[in-house]
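Step one of this worksheet: look at the structure below.
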Amino acid sequence: MTILFPLLVLFYYIALVYALRRRTGFDTASVLVSIFCLQSLSGSIFYLFDKVSPLSIAMTATIPLILFLIKNKQLAEKDNSTKSPRFLCISYLLIIILEFGIMANLFLNQTTEPSPSPWLLVGSSFFFLYFVTMLLVLITTWLSPNANWRLNLTSLHLLITYSVVAIMYPLGFGFDGQIHRVTEEWIKLHGFIAPKLPLYIGQYTFVVFLSHLTKISTSLIDVWLIPIATAFILPRIISDSLTKFFSIPEKIAISLLWLLPFIYFFALFLTTPFNVLVLLTIIVIFSGLVYTKTNKPRDFLVAGLSALAGLFIHPLLGAPLAVFTVGLFLNQKIIQTSRDNKIQKIFLSTYGLVMTFLVPGLFMAFIYITRHIVPTISNPLTKINLFLNYGRSPFWYTSHSLWYWEILYRWEWLIPVVVLALSGYGLYKFRERINWMYATTAIALFLSAFFLRSWVVFPDVHALEQGDYPLRLLKSGLLFILPWGMVGSYYLGNNLFNKIYTTKVIRRLTLLFFMIAAGFLTISFYLSYPQWNQKVKFPGYNVSAADIEGVHWIKDDASTNDYIVLSNPITAAAALKEFSFARYFPTAHGELFYYSIPSGGVLYNFYTEMWTNGQKRSTIERAMDLMGVKRAYFVIPSYWTKFDSIVAGAKKSADWWEEIDGGKMFVFGYEKK
């Protein structure tokens, strides 16, 4: 029965997708997005008013049946039956073999040791293998007459591109993803988590729902949700949109998709609410284009459902997506019903103002409601330097390195400029049929990021991380002009090839272009993940075996739950992974977790003081006084800056200590007399 039930669930969804494709006329990707959004929305509503229960799971599973109410429209099936020449069949097989070679390389280099970058574990031959595979994918999808092969090969390589940390770090990567997975597991076991807040629940309830149905762990579903969804859905949504709106041939449209991973800072390898929202934003942007071309409400469905789901996944950053979607619908109605351009200009101006101040206003309201702090509004021009810092090299960049590292990281800063230039060119070439909602949204989000950075200080967030939310708005703004970046690339290439009349020269130039594109995409692949090299030391540490052993040793040594731990966020993530939300202490600052998270929180400030200002016993005792405990632990991993001197200092102030995993971590114990 344990095996039979998940098989029945799989059969149900396969039959549901097949039936909905025939009934609605939507393609598979649109049907899957609609199902996800409906189940995320219904799961969130059931959760807010009750909890995750067998009844809510059963009702959520049947919610997608309402899609059968959509009137039937015959799906225009693509001719995917065209047989490929033998040399292409060999190319298909070779690509699959190479993809498995990349995966095998990643699996063979799996680690439970702390690693600041996955690239330290693989050799240069790995990137050559990726480059060759990328080149073959570009050439083969260009030459293949079979649409299914074009899509599937693109999806496979995109999946490999976004699967590095999921494969290489079996104990987990980073802190954010880990705390979301722990929350999902808690909801699965208890039905809800207190306090009930409309934050992230769209992701949480969907993962829990899938886990209950499939009997697969919440952790496994969470880790692979974004990589798999991105790889399967985006090639189909994007290529379909580019073909229908811009009239770009499908085999070229599928290649233009690679402009997205070219923009290295969209970290679609990690499932977090923000990355789920990024995925939904891309879906809204491209499916919205189709709606503006057809003006048919049925073509608005995918965009509308995605925007609604985004509100339940990340309300503060999902609000602009919802406002954009509503604005897109209203703008189309104005275009249809009025010939007066003044009305549209007034609407776009009003919309731009609302979008600009929406997110700063929402964050201020959220801080006031949750923290009872009245935000101070200052002149943003006096803090313009904070915004301009986004254009400067962060502190983890060294001033000098070998020439090839210098060139690489000069190129890193040029990538957004290249995308903006391509987008500007695309907007210019398509100016007669441009939908100004997209450009207006991009500009408004850029301005919104400026105001958010200059107005709002986020409580319990480390000073170095204060710019994270505004930076997310900048990234989101770039997404709204991404379609024109793709069409700009198309027109640029098309104009170049139209000036060449010799077939032989065109073939050689095409090969050269694909080689250059594969090289740039390989570089972006490298930049997408944490790096640790001569120029940049930007770590993205994983949960290690030493972290797991350390948190278990602390628990066994303490024997009770009346203790606190000053540690880095990764060790705290290991404690969450092993013991969930084991203990909170009431304090003058509200209830605080017994490990020193979040970064920027009160307890983390004590941890920072311990490793930066000397390992003083008085610091630990102040932390114990705050939390009302008599026992505390101070944890320092071997990769920490000035590890040896910190260990030597802590040994002088601690009552006892333990060396974990051969010196990969030290735990220092303190008992208040």
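Including glycine, each Cβ sits where the backbone N, Cα and C put it.
Annotations in TrEMBL come from automatic prediction, not curation.
Segment annotation: TrEMBL labels transmembrane segment over residues 155-175 (candidates 8-28, 155-175). Listed by sequence, the residues of this chain that lie at least six past the ends of the transmembrane segment (509-529) yet keep a Cβ under 8 A from its Cβ atoms are 117-119, 127, 130-131, 134-135, 138-139, 142, 161, 164-165, 258, 261-265, 267, 269, 408, 411-412, 415, 493, 496-497, 500, 540. Using a Cβ-Cβ cut-off under 8 Å and counting only residues 6 or more beyond its ends in the same chain, the transmembrane segment (435-458) has close neighbours at 285, 289, 292, 320, 324, 327-328, 331, 348, 351-353, 355-360, 363-364, 367, 375, 377-378, 380-384, 386-387, 427, 466-467, 469-471, 473-474, 476-478, 480-481, 483-484, 600. Cβ atoms under 8 Å from those of the transmembrane segment (155-175) belong to residues 95-96, 99, 102-103, 106-107, 109-112, 115, 118, 121, 133-134, 137, 181, 223-224, 226-228, 230-232, 234-235, 257, 261, 268-270, 525, 528-529, 540-545, 547-548, 569-570, 572-574, 577, 597 of the same chain, restricted to positions at least 6 beyond its ends.
Against the transmembrane segment (29-49), the recorded stretches 187-210, 216-235, 256-289, 301-330, 478-497 differ in Cβ pairs under 8 Å, and the greatest number is found for 187-210. A Cβ distance under 8 Å defines the sequence-distant neighbours of the transmembrane segment (216-235), meaning residues of its chain 6+ beyond its ends; these are 6, 29, 32-33, 36, 151, 154-156, 158-159, 162-163, 166, 177, 180-181, 184-185, 188, 207-208, 210, 254, 257, 260, 268-272, 275-276, 279, 282-283.
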